[in-house]
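As given in TrEMBL:
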type	residues	note
BINDING	Asp37, Gly90, Lys91, Thr92, Leu93, Asp94, Ser121, Leu123, Tyr127	NAD(+) binding site
BINDING	Asp117, Asp167, His250, His267	glycerol binding site
COILED	45-72	coiled coil
DOMAIN	8-150	domain 'Alcohol dehydrogenase iron-type/glycerol dehydrogenase GldA'
Amino acid sequence: MKKVLIAPNKYVQGPEVLNNLDNLLEDFGKNIFIIMDPDIKSIVIDILNRGLKEKEKHIENFQGECSKKEIDRIKEKAENFDLILGIGGGKTLDTAKAVAHYLNMPVGIVPTIAATDAPCSALSVIYTEEGNFEEYLFLPSNPDIVIVDTKIIAEAPERFLISGMGDALATYFEARVCQKTNKQSIAGGTQTITANNLAKLCYDTLLKYGKIAKASVKNNSVTEALEKIVEANTLLSGLGFESGGLAAAHAIHNGFTVLEEVHDKTHGEKVAFSTIVQLILEDACPEEIERVINFCKEMGLPTTLKELGIEKIDENKIMKVAEKSCVEGETIHNLPFEVKPKMVKDAILTANHIGK
C-alpha cells in the first residue's frame, strides 16, 4: 500500500507574527472573509487593524458549534471573497476550513489557543447543534497557511494549552497502533517513517517541556519551552495524527460526547482520559500507563470520570459511551483485535479506578 504524508502549505509561528499579516497573506488577494470567535475579538481586533492595513476585510462572528447549519449560514455570506481566514479555537477553525472547501477558496488558519491539533489538518469535525459528534468532513487539502502568534497563545488561559497537550498526548499512541496494524491514515495511505517519528517527537516534547510551558503560560510569558509545546500541540500533533493515524483514544472521545455532563470539558481533556483507556484496552505495559497518568496529573488533565464531570457512575451511560465509540467506521477498529463495547466500558471503568 502507498505511504502518504500531508501538511499545510506554510506554517508560521512566533511572538507577534500577526503584526505582519499583510506580507504573510500577500498571495491571497485583497478581500478577506474572517470567521472569528467573538470571545477573542477584543484581543485581536487592534492587531488585525495593524497587520491588515492593505486588505479589505469582513468579520463574521462564529456562533459556537461547527455544525452543518453554521457552515451553511456562513457559506451564504462568504462568496466573492479571495480568502477565508479562521481566527479562534478549534471549532471556529474547522468551520473556516469547511466553508472554504464548499466555496472552493483558499483558507488561512490563525489559532488563538493551542488547545487542539485541528489547525494544520485537512479535516473538520462536524457536530450536531447540541454538541454531539456527528461526522468527520475529510477535505481535499490542508490549509494554505497556518499562523500561530505565541504572544497571543501565552496570554490565553492556561487551561487551553494544557488541553492541547491532552490532545497531543494521544498522537504517538494512536500512530503506534496504526504502524503495527499497517492501517490507512486520514492522509489516504499507510504511515511514513516521518509521520511516525513526528508522533514520537510530539510525545517526547510533551514530557520534557510540558511543565515549564505550563508555568510560562500561567505567567503570560513566551519562553522556548512554550514555543516547543505550542509546536508540539499544533504542528507535530497535527501532522502526526493525520498522517500517522487514529485509533481508540479519539473514538472514545467521540463516545463521551453522548453524555451531557462532559460537554463543558474541552476536546483535549476528553482525549487525555481516553488515551489512558486506549492503553488499558491495548494491555500496554503498566509503567507506560503510570507515566501517562502521572503526566496528566502534573498537567491538570482528567484521570477519572469525576474529573470529566461525571459525578455518579451509571454503567448504562458508560455503555452508551462505549457503543458510540465502537460504531462501524470508527477509528477504534484500527486496533489489532476485535473491539466490543463491553471491552471499552470495562477499560473506562478500570481507567477511572487507577486514575484516582
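Heads up, the Cβ atoms here are built off N, Cα and C, so glycines get one too.
Within the domain 'Alcohol dehydrogenase iron-type/glycerol dehydrogenase GldA' (8-150), the DSSP-based counts of helix, strand and coil residues read 49 helix, 43 strand, 51 coil.
Put simply, the two farthest-apart Cα atoms among Asp37, Gly90, Lys91, Thr92, Leu93, Asp94, Ser121, Leu123, Tyr127, the recorded binders of NAD(+), are 19 Å from each other. Counting Cβ atoms from all protein chains shown, Leu93 (NAD(+) binding site) has 30 others lying within 10 Å of its own Cβ. Taking Cα separation as the measure, Tyr127 (NAD(+) binding site) is nearest to His250 of the binding-site residues Asp117, Asp167, His250. Within the chain carrying the coiled coil (45-72), a Cβ under 8 angstroms from the stretch's Cβ atoms is held by residues 18-22, 25, 30-38, 78, 81, 87-88, 91-92, 94-95, 98-99, 102, 124-129, 131, 134, 149, 152, all 6 or more beyond its ends. Those residues of the chain, other than Asp117, Asp167, His250, His267, with a C-beta within 8 angstroms of the mean position of the glycerol site C-beta atoms are Gly90, Thr116, Ala118, Gly166, Ala168, Ala170, Ser237, Phe241, His253, Gly268, Val271.
Counting only residues at least six positions away in the same chain, the Cβ atoms of Ala170, Glu174, Phe241, Val271, Ser274, Thr331 sit under 8 Å from the Cβ of His250 (glycerol binding site).
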